[in-house]
Ligand code: AQP
């Protein structure tokens with residue numbers, strides 16, 4: 001069979017499962033905007049509300065978080081006239097293809113997903129079926145647009161790899177090359193931003209401790225306080241990156257500084273070599289406030305007009321659906337389903 005060359009296209013999403021964190025910004029949003037501005041490939045960005053409800057969400061809070069996340073995308077540089085920006089549940093193709101992929105993915109594959117194990121913990125009998133099936137829906141999110149490039153943080157690498165397995169199995173099972181096999185794009189100095197309280201745990205919007213993360217909506221004083229109280233060790237900063245070996249909290253703060261300043265982590269370490277955290281932390285706090293406060297004020301401005309946010313999402317959903325609908329139609333046809 002001649003190999004089909006798929007047109008490069010970027011897709012990624014974020015869950016409205018809470019407020020945006022510095023981890024979401026550095027691992028995802030900042031890079032989404034840069035990819036859009038490079039203009040090499042069409043960019044499709046999604047607020048994945050169907051993923052959010054895999055764990056209980058208060059309906060009013062979910063509505064608010066969806067709009068706030070949309071404001072966060074725009075405030076971080078995603079321009080709805082350049083990228084398609086919409087919420088997942090407004091485009092039926094995600095659920096339609098998600099079901100087909102539930103029937104392609106194997107139970108054993110899903111059981112190996114570390115994020116499910118982490119989120120379910122000891123309570124795996126009691127979590128939703130949706131949480132278990134999440135990665136198959138994520139595969140549909142990506143492949144319903146024939147996306148070839150998926151910018152994500154390190155924590156989502158395994159799910160994109162599963163998407164590749166699903167695309168390959170679908171193509172093999174049905175003797176086709178209909179679906180592209182997408183690549184995870186994991187780049188930058190902060191592909192895994194860690195909790196400010198525990199350098200071995202990822203910074204997460206659903207962490208019960210607000211002190212563990214910097215929220216994009218935190219004001220300058222809160223950002224400075226969280227950085228000042230961030231866990232570190234008593235050693236000064238080393239001369240080279242090797243000196244951060246076994247010092248996860250110190251490494252995390254250096255990575256955050258590097259990602260926010262656009263410098264390499266090695267440069268940051270060289271600049272602050274021999275200095276104590278009492279000097280480094282205020283410098284990091286100033287940098288974080290400088291970078292994040294314009295985003296936070298733009299988010300508040302946008303949130304004053306929720307109807308405009310809804311219009312942006314509706315327009316994005318229309319554009320997304322125009323790409324997804326023919327792909328779903330063809331996938332259904334390949335599988336043997338009839339009808340419009
Ligand atoms: N700490 C992080 N460092 C770097 N990247 C991160 N991302 C999330 N946390 C970090 C990236 O942000 C994108 C959106 O993630 P998501 O909302 O879909 O789900 P998540 O990865 O599970 O993020 P959270 O904040 O931890 O959400 P909850 O707490 O609801 O599970 C992805 O590209 C992710 O890699």
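Cβ atoms are placed via backbone N, Cα and C, with glycine included.
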Residue from 144, 193 that TrEMBL also lists as binding ATP with 15, 16, 17, 23, 24, 153, 154, 155, 202, 203, 204, 205, 206:
193
Residues with Cβ closer than 8 Å to the Cβ of residue 205 (ATP binding site), same chain and 6+ apart in sequence?
17, 18, 19, 20, 21, 23, 24, 213, 215
May I ask for the residues of the chain that lie six or more residues beyond the motif ''KMSKS' region' (202-206) and have a Cβ under 8 Å from a Cβ within it?
17-24, 55, 155, 192-196, 212-215
Rounded to the nearest Å - Cα separation of residue 15 (ATP binding site) and residue 141 (L-tryptophan binding site):
12
Reduced to three states, what secondary structure does DSSP give residue 154 (ATP binding site)?
helix
Output, ordered by sequence, the same-chain residues six or more apart from residue 141 (L-tryptophan binding site) with a CB under 8 Å from its CB, or 'none'.
11, 13, 46, 48, 88, 94
Determine the minimum-neighbour residue: among 15, 17, 24, listed as binding-site residues, which Cβ has the fewest other Cβ atoms within 10 angstroms?
17
When a 10 Å sphere is centred on the Cβ of residue 203 (ATP binding site), how many other Cβ atoms does it contain?
25
